[in-house]
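The next block holds one structure in the form of structure tokens; read it before the comments.
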Amino acid sequence: MRALWVLGLCCVLLTFGSVRADDEVDVDGTVEEDLGKSREGSRTDDEVVQREEEAIQLDGLNASQIRELREKSEKFAFQAEVNRMMKLIINSLYKNKEIFLRELISNASDALDKIRLISLTDENALSGNEELTVKIKCDKEKNLLHVTDTGVGMTREELVKNLGTIAKSGTSEFLNKMTEAQEDGQSTSELIGQFGVGFYSAFLVADKVIVTSKHNNDTQHIWESDSNEFSVIADPRGNTLGRGTTITLVLKEEASDYLELDTIKNLVKKYSQFINFPIYVWSSKTETVEEPMEEEEAAKEEKEESDDEAAVEEEEEEKKPKTKKVEKTVWDWELMNDIKPIWQRPSKEVEEDEYKAFYKSFSKESDDPMAYIHFTAEGEVTFKSILFVPTSAPRGLFDEYGSKKSDYIKLYVRRVFITDDFHDMMPKYLNFVKGVVDSDDLPLNVSRETLQQHKLLKVIRKKLVRKTLDMIKKIADDKYNDTFWKEFGTNIKLGVIEDHSNRTRLAKLLRFQSSHHPTDITSLDQYVERMKEKQDKIYFMAGSSRKEAESSPFVERLLKKGYEVIYLTEPVDEYCIQALPEFDGKRFQNVAKEGVKFDESEKTKESREAVEKEFEPLLNWMKDKALKDKIEKAVVSQRLTESPCALVASQYGWSGNMERIMKAQAYQTGKDISTNYYASQKKTFEINPRHPLIRDMLRRIKEDEDDKTVLDLAVVLFETATLRSGYLLPDTKAYGDRIERMLRLSLNIDPDAKVEDEPEEEPEETTEDTTEDTEQDEDEEMDVGTDEEEQETAKESTAEKDEL
């Protein structure tokens, strides 16, 4: 038995020695290759684990050497709180996984900034590698993604400190505060923003992360982690980087899309297009090249050339080697961020064509911008920005207005794209403005999706709005009226309603149609310049169209006296003017409401008072009897010249146009506005004392106040005035009946005369035999009937001719 044990032990030792001998491989290699990973999913089987370890190889190191390195490496276990934080980062903090690449490139840019700063005082800082670049390489075969920078690199201690510890202090306190904030439904962005953990976004897409780094003050080291623990060891290959860091991601199976070149290129252009340092992606392209032909191919081609003259020329000339065109796939580094951030340059140094080219590239538009502004803001927060007004309004500009995010302002921090998912960067009414904002002062939270200090964002917003309004104001008048106002006029009106702090600036940008010109629009400044002497109010009339507004009874006397009236023809117009208390010291007057008064002499005043006294019986009769419960009061009008009467709203009531808009909105939402305070207010009934109908009514009621015809006429006038004043009738049937009664009286027809009864036709009697015959031979019966009808018609025609 003992001999068998000894024999078995010898066999094991011989086998082990054979394996070690077979595994010895040369250590030399290049920096371009790094890790690989098996597709096996299970890690419980020893064979699977072995195959996986053999697949993961560092450049120049075989599987056994990798295992030996891992055994010798110093391992660090994440604490329980750090593990919780890691899970929080991976599972909840990031809104989309693709930002891992943005974070890695951003960190690479920071490292390059540091070494460039060091090189200003240390001339040997760049001796290991003079180029400052970021390079990205996809390895589909090994399921690897490499991000390499030639930045400052990290020492062993820095790898442990920077990559091994998420929260540099107060990890438990941070988690407790975050838990409390989540329970209270509060934002955790301010807490998260204190911890720079963008590197760990790599675990969103990777099962394992390996960092190879070389610092000028230390040897090259390898850091490795699977998000549960990490290890650090000196790189046995020596200095293969020169200086800098390579981050290698062993991608998860579901993240394989990030090995596609198009995906990586699009992400670089989306997030890191304006990084200060060049970013290269290892890309392939097909090129047509000329290669020398094989001897057999060349001989065959010469044989095919049978032209004797060509043959003679060839003998005379020096023989050239035969070549052929071949398509080859060529791999090389492709520059991704060739568009330089022109907002970082002084505006005086940027040509107009550069702004236009940048706008087209940035916005994906084919037209030039209508206007642009380039500025640097300083103060509480410093930032650079370029803003553009597009030539035409974006499609669906007012779809889901206010609830839909505006993605036309892109926020950058140190040339790194952060987000365009903002509700607060610009106010809703400026949702058409496109541009970029770049600041070095903005603090970011862990995912860079929201800002840590909202106060700074408000400062930026305030300056952006002011600069945008300055830009719009500088657009030439002809271009503004013909183009800008047609595309974005509604936005400016909404701004007057919504933006209290900039209301005065926005009011100067308003444009409306007016009685001054049949087609041109006018500004409020121009209206005020044309105001009559002693005119203290800006008159406006609202309607569904210009034709409706200018034919309204409310503008008759104003136009006759030469006053200019602004026509509000858009649904938002009346809201806009109501939000403006005044303009240039002049208050607005809705001519469809009370308060329209004219400057009058003493003689005119005496004449008006005499007319009011003359028509006092009619006014009292209308208020107390004919139109009782329908009107607030009846007065002699100062605004009517042609119409007999009009229905005027109180100063705080709804005009006809506003009531129509409110009812349309209520219909869409299913609300009932009949009980609304403004809708239920009674109106003032104004009469024109010079109109023949009104004068005749005065005569009639003096003779008989109970005259039914006059009572009907008063109600018809009221309902007609309701319609002409822009309001809707609650009972159109009753109105129609009264109109019919008035028509009967005008034609001397008895108002109570009945409509003649329509004679009823008796049904024809048919026998059963006839019915059966008809069913049996229907076609024949129809033909016979037709012939008989034609004969009868011919007889009648002959008889009529005889009579004539």
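Placed from the backbone N, Cα and C atoms, the Cβ positions cover glycine too.
Swiss-Prot annotations:
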- ASN62: N-linked glycosylation site (CARBOHYD)
- ASN107: N-linked glycosylation site (CARBOHYD)
- ASN217: N-linked glycosylation site (CARBOHYD)
- ASN445: N-linked glycosylation site (CARBOHYD)
- ASN481: N-linked glycosylation site (CARBOHYD)
- ASN502: N-linked glycosylation site (CARBOHYD)
- LYS168: N6-(2-hydroxyisobutyryl)lysine (MOD_RES)
- LYS404: N6-succinyllysine (MOD_RES)
- LYS479: N6-acetyllysine (MOD_RES)
- LYS633: N6-succinyllysine (MOD_RES)
- THR786: phosphothreonine (MOD_RES)
- 801-804: motif 'Prevents secretion from ER' (MOTIF)
- 1-21: signal peptide (SIGNAL)
- ARG448: site 'Important for ATP hydrolysis' (SITE)
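Feature map: annotations from Swiss-Prot on the structure.
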residue : record                      : DSSP class
ASN107  : N-linked glycosylation site : helix
ASN217  : N-linked glycosylation site : coil
LYS479  : N6-acetyllysine             : helix
ASN502  : N-linked glycosylation site : coil
LYS633  : N6-succinyllysine           : strand
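Within its own chain, ASN502 (N-linked glycosylation site) has VAL465, ARG466, LEU469, GLY495 as residues 6 or more apart in sequence whose C-beta sits under 8 angstroms from its own.
Shown in sequence order, GLY198, PHE199 are the residues of the chain, 6+ apart in sequence, with a C-beta less than 8 angstroms from the C-beta of ASN107 (N-linked glycosylation site). Cβ neighbours of the residue listed as 'N6-acetyllysine' (same chain, under 8 Å, six or more residues apart in sequence): MET370. LYS633 (N6-succinyllysine) is surrounded by 15 other CB atoms, counting those within 10 A of its CB over all protein chains shown.
Spacing of LYS633 (N6-succinyllysine) relative to ASN217 (N-linked glycosylation site) is 94 Å (Cα to Cα, whole number). Compared over the glycosylation sites ASN217, ASN481, the count of CB atoms lying within 10 A of a residue's CB peaks at ASN481. The average pLDDT for the motif 'Prevents secretion from ER' (801-804) in the predicted structure is 38. Counting in whole angstrom, ASN217 (N-linked glycosylation site) lies 65 from ASN481 (N-linked glycosylation site) by their C-alpha atoms.
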